[in-house]
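Structure, as structure tokens:
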Amino acid sequence: MLVGGALTAIFVPQLVRSFDDEDGGHAFASRLITTISVILLALVAIGTILAPLLVRIYAPEFSNSGFENEFRLAVAFTRYCLPQIFFLGLFTMLGQVANARGSFAPLMWAPIANNVVVIAIFSVVLLQAPHLASGTITSSQTQVLGWGTTLGVVVQALILIPVVKRSGIHIRPKLGWQGLGKSFSLAGWTLVYVLISQLGYLVTVNISTSAAVRSAKEGVLTGVGYTPFSNAYLIMMLPYSIVTISIITALLPHMSRLAIDGKRDEVRDQLVRAIKMVGVITIPSSVAFIFFGPIITKVLFFGISNDDSTYIGYVLSALGIGLVFFSINLILIRGFNAFEDTRTQVLSILIINIIAVALSYLFLETLKTRWITVGLGAAFSISYIAGLFVTLALLKRHTGVMRFSDFSGQHFRLFAASVFSMAPLYLLSSYLDWVNGDSSKLEHLGQLFLIMLIAPIGYFFIARAMGVIEISVTSELVKTQFARATNKLRGSSSNPRE
């Protein structure tokens, strides 16, 4: 996934520039995709061979006595899932060609096909063996889960082939470095960026795994470790993936063209606009994760114990603090990419990871074992809060001064609207002890439904009353789409043959 994001960041500006070539960019896109595909296939081959070493690096505790099953499964799943690197890279490259040509929607709905495939495969396995565990899962079940996950990514990538054809770009296998020198020069710094991110991730995995082993030795039964961190992180990423990625992916080709034309003030305006648009969703999501993390995870992870699902919720609350800053940082990083500057952003991610790693080790030494994984979530959030100001300072060489105040006023109003709409529900949940009470799974679902019904309505009207323009724009957009749908229905009913 990191490779995919890196490819997006580097090559969209290059693709936009290539459309001015005599052939409309066909040769450049063909050479780029062919060369990247060969490199990714080599990475898959090397990773598959070195799978045991990778597991020992990321989860050294699994090499200890008593964790043989975990080590075996980790190696197997690594080998089954590593081919996804190739297909994620292919999906990203094809998607960015289509996006640069103005075909954005397929890039967003192709992952839905991936999810449908994976859900179907996992459902079949769970129906046959509803109580899978590391000590009971069979080799065939491991293969079905591993290869099934990879199949979803394969489908996601292949769907975009006809989309690219319709966009007017004809991709043919074409090896060669002609015209790719600048692209791969930029890629070198991006690989450094990815490496730094992976080192930070490695620390998180090692510390959380150590916490799990330590808790097991202490007789702590609650699921402390990497699994609750990973599950909480996936939930936190949901609004980020749906909103932040979608908006900035759609804007990147346009910003790249503005940067090529030397219109840096307009690039800055586009970045601020994107930050404000994203904040409409990420800010209430962040507040919801902080207030209702355990309630959310009790509903989503209904197949595990209450203590385990509650703990994931605490980690989600810690991660939720940094959601807004994490999203803004990505948008600003894409600003560097629009100007084809991959070197400066390395300094930003380096500082962010130094802060995260330092805090992670601090929490490992100072927190009780039970709270170490929650501390990792807090370390993530604090690092991106600090990183926001670092990235803003670094970006000014391209866009001119971009101040925190350019969007903080709007963000504060959105935060206030979120708190005012959710605080009464939080107080109610605390008074009725929804988190630690003896509520059934169905009751937790009802509680979450009540929150999701009332909070968005309150948030919308409070934010609108506070004069948040983006809320009004969204409201008008919904009204327009509703009116169009109504007119279509009326037209269809008046002419049954249509």
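FYI, residue positions are counted from 1 along the chain as it appears here.
Glycine is treated like the rest: Cβ placed from N, Cα and C.
The transmembrane segment annotation in TrEMBL covers 28-55, 112-132, 144-164, 184-203, 232-253, 274-296, 311-333, 345-364, 370-394, 414-432, 444-462.
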Two-stretch contact, the transmembrane segment (414-432) and the transmembrane segment (274-296), at least three Cβ pairs under 8 Å: yes
Most Cβ pairs under 8 Å with the transmembrane segment (345-364), selected from 144-164, 311-333, 370-394: 370-394
Maximum Cβ pairs under 8 Å to the transmembrane segment (274-296) - stretch from the list 144-164, 184-203, 370-394, 444-462: 444-462
Feature contact check the transmembrane segment (184-203) with the transmembrane segment (311-333), CB under 8 Å, 3 or more pairs: no
